[in-house]
Amino acid sequence: MKKVKKEKVIGPVVPVSYNRSILAAFEKQAKGKTCPLCNIKFSLASYRSHMNVCKVADDDDEIKVMASYTREEAILLRAGPEIVLGEENSGQEIPVNPKKKRRTGEEQLESTPNPPVVQAFDFDVPGPSTSSENLDPPSESSEVRSVEKEIKKSPVWENRRRSTRLAQNSQKSQSESQEAIVKKETATVLEVLASINNFETRIANSDRPTPYYVKCTVKILKKIISTMKSDGDFYADNFWLPSDIITFYRFVECLSDGAKCLLVRLFVRKPNWYHLEKLEQKYTEILNIRGAAVELMKWEFISDDSTLKTLNEALRISDITVLKNVAKKFKIDGNKNRQDLVQSLRKFALSQQSIFGGTGSVELAVLKSLKTELGTCIKIKDEMVDLFKCLFTLYCPVTTNSANVIDNPASTNVYQDLLYMMLSVENGSVEFPAPNPCPNIASFYKNRAMLMEYVTAKALESSLVLQMSNGDHDIALDLAIDAKEFLDQMPLEQKKYYESLEIHERKFTSIWVHTRCCGHATSVLEKQKKYGMAVEWQKDLLITNKDVQSCCLDSRGMWWDRMLLNLDSHLKVSVFPSYSQTKKRFFQEKTECAKMIQIALTDSSILEKELLSIQDRALKLKEMPPDFRPPLNIGTPMKRVITARTISKSLGDGRVNRFVFRDEEKEEDVECSVEEAARRWYIENDEFTTGVHDEGATWHTLFGLLFYDIIFCTDAVMASVWHSEVQDCPSDLSNTLYLKRKEKFEERFEWLKDADQETIEDNIRRIWGMKQNETNRECSWKHFQSGIEDCVSIFQCIPRPAMLSIFRRLAENYRNSRSGFPDLTLWNPEKKTVAVIEVKGPGDRLSTKQRLWLSFFADNGIKAEVCHVEAQNSRLLV
């Protein structure tokens, strides 16, 4: 049977209501909607995205949850008029004017110096539309009509207390709300000082102790912005950027105590990424560390892991557990150590191709997996690190000097050391010779740019030294090249200003540090055996570049010595086909070395120890002119050879000689140093009864006691050498020590020459009693086991003329003669004899500094010897 196709019946056309027509939609789109917060009109297309940005501030105390609803109810509310869901609040009466009035942002800052921490500040909850032009709902079901009918009868919507996020207020209340919820974006130094005073008052009246590192950081900030510089000005608003001042204000005023603690902890550590969970375990004094992290992110002090965008950074902070979990996900062998796992994941991310042929998506997938396994990670922002480094540098440039890392590799964190020293001074466990409180401040930075350049230069040098110690010579050389480019691009006026500063101030400038970085470059090139390039860098520092010849005066002699060594020995002569050509080239190199020696001898900045080394090289060089006369004339020191017992067995630490002596009381052999073995030999076999291994500490202590008021003078004339309370010496305890105190030194030398023995001894006892608990650069109290009596007894054994000559050499050229003293100082109080002994073990040789001091002691009538200790093997290990 054939099927009959039914005809489609078309009914009458029903007109569409205007509210659901396309014209209404265009009209509504053209009208747009007005933001209830900023009172700006937006199109419907951009209104939703704008509301995601223009949301209620985190400190708004007028937000109140009026109702909760499901996803379906939210859809209906967006499509309908202004409605309030639920009947449970229909009978409640909510006053239109609440008792608690809104206060302006200024009033809040005055009354609440520490606003509460907001744990979460994402108020992206969709609310009912406030527009009266909403489209009709798509369907007119009975359920929807009943809900709408019930809600319209409720009077709560009209009388309720409305949130600024949900409804429009009057123009006046709207402006007040915006003042309350918008973060303070500007501040002045006076406001920062007021906040600091409020902070100090609050912690003084609080029962809960504030961590020392927070109090010390605030103390540093207060001194920087409130202490007058030497020119009568302050580090005020015209010195700092507006962003710097608002950062200071937010740190003191807006951050909670926990957030302050976390920020300072992150600052004194390396600026790396850190696991929040590990920080929570490490810093138990921070009660709510997660809330503190949220607060610091809100005020833009730190970054969260959303900015962790490189695979190398993620791999660097991942522990072995995280790496194994990620390796398992990508089916990589996880039975490896951490270093091998890092290499495997990096190789996998860079070698595997995605379906589109690239490796980027695979790398992103590995990075995403690492971030998932790591959890929450935070990092202090680089601009915050630089800003706080500026504060610490201004407070104490001596302690925060990057040269401390070179001289003492254990000082890896100078900023943490500074905070700890401030704590020690505050609780009285350590005393320093600096005035406390110190009324002075470093005043040689004309503007913020100069200060920031110096801070950046210190960071560059620290990185360069770290790369050198790790053996990454190529990276270290790149950093040195950056320093060289900075010097070449520095304006001439700025170079002249730096040259006008005194030496003890000039060493805290960027030009000084970058010049020192160029000196590091020569060491890097020598380690790479690129002696030709090293010579070119050294010539530039010493001869060609006139702008840096007033910098790093202490290092110029060393650079000269290394350059001459490279020219004389290390620089290989190219082999030419002809022997005569090779010989000619060799002669040219030696002639160049002789020429450089003559130029070096005219450099007044060369210290005696390098001058002696250059003189030794000149005497060996045949190409020197026949009329050459050595500038120094030193004799050969007396030598003595002794034997001491050593252990013949190796204990596995690489030491060849282990000296021992017999302890008769315990009847056992005791290990000792070669200096101790020599000291015991002299006391047992020579005329001396007392001796110490001090390497000059005894002589420095006597010098410090007799000239204490001159060296550590704190009057107004010497104000520029004291910058903070934690200095253990004036900043000019170097080349310019004598020049700034010449008259006082000469008066003291005349007094020591004519004063009787008892008067000088009484003066030594008086200074010892006053300063024996003080930590300073000159006096080493621990080397005198019997205290002041040992110190007086050795003073009685030193001939007066010899003592004056030794102390004059120290005073007039402190930087050149502060080191190199012989190892042992021996004396006999009964016979009034004294001697200095330089001890050398098997294979050791004298340095130029030691040769100079031995010659100087001998020339002034003090017994000076070189004691060579030979090993006498013992087969018994007791």
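In case you wondered, yes, glycine gets a Cβ from its N, Cα and C as well.
Swiss-Prot lists zinc finger for one of the ranges 32-59, 284-311, 340-367, 396-423, namely 32-59. Recorded residues V839 (Mn(2+) 1 binding site) and C35 (Zn(2+) binding site) have their alpha carbons 85 Å apart, per Cα-Cα distance. The binding-site residues shown are C35, C38, E838; of these, the one with its CA atom nearest the CA of E695 (Mn(2+) 2 binding site) is E838. Under the three-state DSSP scheme, E838 (Mn(2+) 1 binding site) falls in the strand class.
Across the structure, E838 (Mn(2+) 1 binding site) and D823 (Mn(2+) 2 binding site) place their CA atoms 5 angstrom apart.
Cα-Cα distance from D823 (Mn(2+) 2 binding site) to H50 (Zn(2+) binding site): 76 Å (rounded to the nearest whole number).
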